[in-house]
Amino acid sequence: MGEKSVDQASLKMLNKAAQEGIETAWDRYEKQQPQCGFGLLGICCRNCNMGPCRIDPFGDEPQEGVCGATADTIAARNLLRMIAAGAAAHSDHGRDIVTTLYETAAGETQGYQIKDEGKLRALAAEFGIPEEGRGKEEIARDLAREAMEEFGMVKGKLQFLNRAPEKRRQLWEKVGITPRGVDREIVEVMHRTHIGVDNDYVNLTLHGVRTALSDGWGGSMFATEFSDVLFGTPQPIKGQSNLGVLKEDQVNIVVHGHEPVLSDMIVQAAREDDLLAAAQEKGANGINVCGMCCTGNEILMRHGVPVAGNFLQQELAVVTGVVDAMVVDVQCIMPALTQVARCYHTKVISTSPKARFPGADHVPFSEQTALDTARKIIMMAIDNFSHRKEELIQIPDEEMEYMAGFSVEAIIKALGGSLDPLLDAIKAGQIKGIAAIVGCNNPKISHDYGHLTLTRELIKNDVLVVQTGCAAIACAKAGLLLPEAADEAGPGLGAVCKALGIPPVLHMGSCVDISRILVTAAAIANALGVDMSDLPAAGAAPEWMSEKAVSIGSYVIGSGIFTVLGTVPPVLGAKKFTELLTQGAQDVLGAAFAVETDPMKAAGLILEHIAAKRKGLGLES
Ligand code: NFS
């Protein structure tokens, strides 16, 4: 596998962890070897108690489960359940944001405001809610109510789908995969994958795509848009990244997880004078709030807050010995964190009723008392500052500046008010195309290697890269999110970036913010009068691991965009189903998956795809 990470700060902390006898995800991954072959191939089924059943991958018996389900049925059902879980995670996050807006409009929350009234009014207009002569609270209440309905859905079709090009919407109708309501599609996955319901892998797959579309154009898009209304629409902003952002002389609070409702309040409260004074009283020179994973992305996009690292660095942050509190909400938080924290002085503080961690301190968070809870959590961190174990402190000095905050609005502003300069550059071949590189880390691939290798290769070939999630944090740490990284880009892309003062890799936010990428792609397709599947564009998830990533990949395909996966999905034991995902989908959706574990080869696939699409549009390659 090579080195465990290509990130020097992480390697140093892995070394320290090994010396101190601390197990990390990499060690636990080793202990899992060899991983279960049936699981890897997707051909074991636990959906009823006649099983568990498994299919022989070499063509011997058994070839069917007790109920008669084939490998294709089993693998498809399993993948659908992954999509449902991923879509549920994004969409439940979206629902929480919508609810927070509703309660804020009703004056029932503490610390929140409607920060972007312009966006609120634009969304109201989009949803047909009267806004003239009405106050922002009144509009927000109606809008949030309307949004809540889109989850259970009484209307029959998601509103945001109208942002997609007409051709794409027609295709969804024709194929019968127009999502009807966020919760409905997820529930239907669970129904269809129950024993003895949908046993046709093609029919299952179509519903899987519909469910994923209800995430991308539904739950995730609500999370993004309503977060912008509440916390502000991101604009280009600079900050620092990697474990070097932790400060020995300050109270370090790492906020880890996903929803900005908590982290934004902690950022706000940490600036209050009395809390700063309390920290000073304990001998600290300040309060250093840092992000991790996607909650980190939410607050760096809006406040330029430092980001300590991505998914595989969560344990390593604790290993520095200076994290006084690791505050978590939901998603991508390893249960092992409390184990690691026990060896240092770090307090792991859980906050969500949905996510409890044995060994953590639980401080229940509610929107009604958000600011007070944030203050309480900060005080716990301050009190813990004096409990550090001096002999265990070591902070790697790696720290890198980033520029983030590229919302759709910010991109248009950077382009001078319209997408035209970008379209012109694409038409002229200065920019060959656009690639979205997103997703997690996974110990199956050297940490950050997939993200960095693919990104570097694409920008070198004049492909503009847009990013979210842990991929974006990887590039932040490598300096690829700075305008100076234009020097690493090909001559065409490099020149465009230099003229505009933007990096060749645009950080568009957290994973729910992939909805921003959909909106951008749809706007470009609309401007060119084509479908999204005609664009010289591609998606990639070089180091994905989460079920959310499966939902994302599926809605990107469903939106007509070719996607390369860098870790192998659990489907290969099902031949026909695999063929459907990697070939057949092309005929139905205009896009399919490719699986390529070597990021250099993945870059080759993307460049080839972009060249073909350029040709299709009559553009020079
Ligand atoms: Ni995305 Fe965020 Fe990271 Fe993967 Fe997890 S943090 S929402 S799922 S690991 S990119």
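Quick reminder: no glycine exception, Cβ is built from N, Cα and C everywhere.
Unlike curated records, TrEMBL annotations are generated automatically.
Remember, it's a predicted structure, so these values are computed and weren't measured experimentally.
Cβ neighbours of Cys44 ([4Fe-4S] cluster 1 binding site) (same chain, under 8 Å, six or more residues apart in sequence): Cys36, Phe38, Pro52, Cys53, Arg54, Ile55, Ile74. Feature annotation from TrEMBL assigns [4Fe-4S] cluster 1 binding site to Cys36, Cys44.
Look at TrEMBL and you will find Cys45, Cys48, Cys53, Cys67 tagged as [4Fe-4S] cluster 2 binding site. Around Cys45 ([4Fe-4S] cluster 2 binding site), the same-chain residues at least 6 positions away in sequence with a Cβ under 8 Å from its Cβ are Gly51, Pro52, Cys53, Arg54, Gly65, Ala69, Ile74, Arg77, Asn78. Taken residue by residue with DSSP, Cys45 ([4Fe-4S] cluster 2 binding site) is part of a strand.
The [Ni-4Fe-4S] cluster binding site annotation in TrEMBL covers His258, Cys294, Cys332, Cys440, Cys470, Cys511. A sphere of 10 angstroms centred on the C-beta of Cys511 ([Ni-4Fe-4S] cluster binding site) encloses 31 other C-beta atoms. Annotation note: Cys511 ([Ni-4Fe-4S] cluster binding site) sits in a helical segment as assigned by DSSP.
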Binding-site residues close to ligand 1 - of Cys48, Cys294, Cys332, Cys440, Cys511, only those whose C-beta is under 6 Å away: Cys294, Cys332, Cys440, Cys511
Entry from the binding-site residues list Cys53, Cys440 having the most other CB atoms no farther than 10 A: Cys440
[Ni-4Fe-4S] cluster site, defined by His258, Cys294, Cys332, Cys440, Cys470, Cys511: further same-chain residues with Cβ within 8 Å of the Cβ centre: Cys293, Asn297, Asn310, Phe311, Gln331, Gly469, Ser510, Ser546, Lys548
For the binding-site residues Cys48, Cys67, Cys332, Cys470, the one whose C-beta sees the most other C-beta atoms within 10 angstroms: Cys470
Entry from the binding-site residues list Cys36, Cys294 having the most other CB atoms no farther than 10 A: Cys294
Additional residues surrounding [4Fe-4S] cluster 2, by Cβ distance to the Cys45, Cys48, Cys53, Cys67 centre under 8 Å: Arg46, Asn47, Met50, Gly51, Pro52, Gly65, Val66, Ala69, Ile74, Ile195
C-alpha spacing of Cys332 ([Ni-4Fe-4S] cluster binding site) relative to Cys48 ([4Fe-4S] cluster 2 binding site), in angstrom: 28
Listed in sequence order, residues with CB under 8 A of His258 ([Ni-4Fe-4S] cluster binding site) and six or more positions away: His93, Cys293, Cys294, Thr295, Glu298, Asp329, Val330, Gln331, Cys332, Ser510, Cys511, Val512
Pairwise CA distance, Cys470 ([Ni-4Fe-4S] cluster binding site) versus Cys67 ([4Fe-4S] cluster 2 binding site), rounded so that it is a whole Å: 40
